[in-house]
Amino acid sequence: MSSRPNRRGVLTEAYASLVVRGRWLLLALVGAMVWAALSFLPALASTGHGLSAVIGANRSALATQAQVIRRFGLPLLAHTAVVQRDPQGLDPRVLARAVQRARTVNESTLHGNSSGTLLFAAPVPNSPKVFPGPNERITTLVTYLFVDPTATPTVQYRAAQDYAARIDHPDDPLLGVSGTIPLRLEQVRLIQRNLLWVEIATVSVIALIVGVNFRSVVAPLITLLTAGIAYFLAVRMVAFGAMLLNSTVPAILEPILVALVLGVTTDYSIFFLSGLRRRLRQGHGSRAATRGTIVEYLPIVLVAGLTVTAGVLVLLVAQTGLFRAFGPGLAVTVATTLVVSVLLVPALLAVLGRWVFWPSRLSRGTSPEEEPSRPPSAPGGGWWIRLLTRRGPAAVVAVVVVGMLVPATLPLQRLRESVLPMSSIPADNSVREAWRGAAAGFAPGILSPTEVIVTGSGVADRTDELARLRRELAARPGVAAVFGPTGELPERPEVAAVPGPIDPGLPEPLRERTGLFLAPGGDAARFLVIFDADPLGALAINHLDTLKRRMPGLLAAAGLSRTSVSYTGDTALALELVNSARGDYIRVALAIALVDLLLLVLFLRALVAPLYLLAASFLALAASLGLTVLLFQQFLGQTGLIFFIPFAVGVLLVSLGADYLIFLVGDVRDAAGTRSLSEALAVAVPRSTRAISAAGITLAASFGVVALVPVVSFRELAFAMAVGVLIDSFVVRPLLVPALITLVGRIGGWPGGRLRAHPAHQRDEESK
């Protein structure tokens, strides 16, 4: 591709000259940026972690929980618990010691002598009088810990661990601490502990792929130096933005930032390196080759980077707090990476020249596949592209590719969403082991029941109707047990056990002011529904969704049709998040499609080609998500994908796919300026495919190593992104896109004509 000032623009030519002449000043500028970030911007770790910080305080399940505490005076839901279990049966002395530990904590709090964040403890054994569950009798004891809700999750987890440390008798079978707060913090710990390995693996993969592709030891160093500086600046900018907005950066974002920065930086570096190598082989001097490479690829890289930035920024239109938290961070990351790439990589190429490809010796002279005027019949053009320049073979290829990708999308029909299942952490993790023990003795939902609150005038006095409703709830599919009015638990804050009730030590005045299942004011009653599935998994979420839809009928059958119902608990919150995410799928998909379509229209000055090019990107996305559902739900037996995975993968794949699309079609567009469309494809596609293939392998590997984090959400993300990028790089871009360009022909360039054949070649084009 020749560089033509009238086509490239004065600004691009001026920047290329500036880079070549002021290369050392640009390097100094980048160094100054690093110094300023190190001196004045905060580190990412200082902005906080945790999923709860981005859920949003306006969720109705959270509001209901606050209302319940005000109405009943006593919470029934705890997010941490200590689990003890002996499959052969717990010794009565184990129960007695558990009760005494709880009584000590409770009395200390009630008398105002509590010095920590732990307020109350409630031990519950799996007695048949309490829980009509598995065929076990007093084998498992769950002590629910009610901690000061104003304390941070880390402090709450530490309080639970301190309480568990008191269970030091040799005969006490302690499994450990579990619950949703320990689960979330264990995920954060696993992420932070493995982040270094992700970085090391990604760097190693990039060095290997770039080194092999360019047969150089210097080219990988340029790429890694650029990636390292871009990552350092990006995380500092993200942390600074979070500090200004008084928000937090979720810990789950960090490995994604690593993969995104290293992958995108490598893409842009490979584009520049490929252009420089081609020009050096054509016999250009180092400075002329650098200048020509910048003129040729700077507009493409800028448009590609802006497309990715705009694509991830549309996450701001989402209503789910977690998605909105992703958007600005990813956008700042890509924008920072783009700035560093267009400053540092060209400057280093200008400084090093031919030494970039050391120890390879670039032979002077033009290789056949790089000859800009070589016709499509030339042997170097690639046999597949010579076929794709003719309508018949192009139609066959398009049908075959679409026929392969469409079936891969079908498993999406069975997509189910989880939020934070216990199965998301390793099986040998103590938090998961404790939950598994509690599930064996009770039911999988025992640590996070769902609270169902029935409100209405005088409803607390309607004991017969409440008893019928309790039976109706217990009969629902997926419900393991229901605690509530007229149930096995006594109407006072005690815990039934064998041989008699265990009293955790609440004095009579407090009992009079609070209600276990009936509100003291008489206008509300509540039930604890325990599901037979992981509370934050797809099955429990589906159970609650079904229960909510059937609730009007259940109330009518129980004679409570004039009452209202609300829900709270972890499963209720998870259902709200999943429903919110489902609404955001369509909203954000439309937004990102419009943004990418607009940028492609502006770049190509055409309306038709962007439509089928974007459709190809969405087909690749749907295929990758379908294969992800097939692997994790069908083959690995997970109940569902983590709810934000389809969302994150969709935004990243479509945006990054536009990256390669702009690179490929931009090359075809420029080649078509002096050739027929078939000749332009024969020249541009093989030339672009090699760079796209190398960049695609690198990007897929960058996201693939995210699977080193032993958390299911990252392994789902790693698989979906790696497969999606490979489909995009090796199927869609080199096969489907050229076939579509051939089939649509010069109509694709309407109305601007930038994808039309040169007028001198249009007649030949129409005859094919």
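Just so you know, glycine gets a Cβ as well, placed from its N, Cα and C.
TrEMBL annotations: computationally assigned, not manually curated.
The annotation domain 'SSD' is assigned in TrEMBL to 614-743. Residues annotated as transmembrane segment in TrEMBL: 24-45, 195-214, 221-244, 256-276, 297-318, 330-357, 394-412, 585-604, 611-635, 641-665, 691-712, 718-744.
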Report summary line: The average per-residue pLDDT within the domain 'SSD' (614-743) comes out at 85
Query raised in the report: Residue counts in helix (H, G, I), strand (E, B) and coil for the domain 'SSD' (614-743), per DSSP?
Result: 113 helix, 2 strand, 15 coil
Query raised in the report: Does the transmembrane segment (585-604) reach the transmembrane segment (611-635), going by 3 or more CB pairs under 8 Å (6 or more apart in sequence)?
Result: yes
Report task. Verify whether three or more Cβ pairs under 8 angstroms connect the transmembrane segment (297-318) with the transmembrane segment (641-665), leaving out any pair fewer than 6 apart in sequence. Result -> yes
Report summary line: With the cut-off at Cβ under 8 Å and a gap of six or more residues from its ends, the chain residues touching the transmembrane segment (611-635) are 402, 405-406, 408-412, 414-416, 593, 596-597, 600, 641, 645-646, 649-650, 653-654, 657-658, 661, 665, 712, 716, 719-721, 723-724, 727-728, 731-732, 736-737, 740, 744, 748
Query raised in the report: Counting only pairs 6 or more apart in sequence, are there at least 3 Cβ pairs under 8 Å between the transmembrane segment (394-412) and the transmembrane segment (718-744)?
Result: yes
Query raised in the report: Under an 8 Å Cβ to Cβ limit, what residues of the same chain, 6 or more beyond the ends of the transmembrane segment (297-318), are close to it?
Result: 8-9, 12, 15-16, 264, 267-268, 271-272, 275, 324, 326-328, 330-331, 334-335, 337-338, 341-342, 346, 584, 587-588, 591-592, 595-596, 599-600, 603, 647, 651-652, 654-656, 658-659, 662-663, 666-667
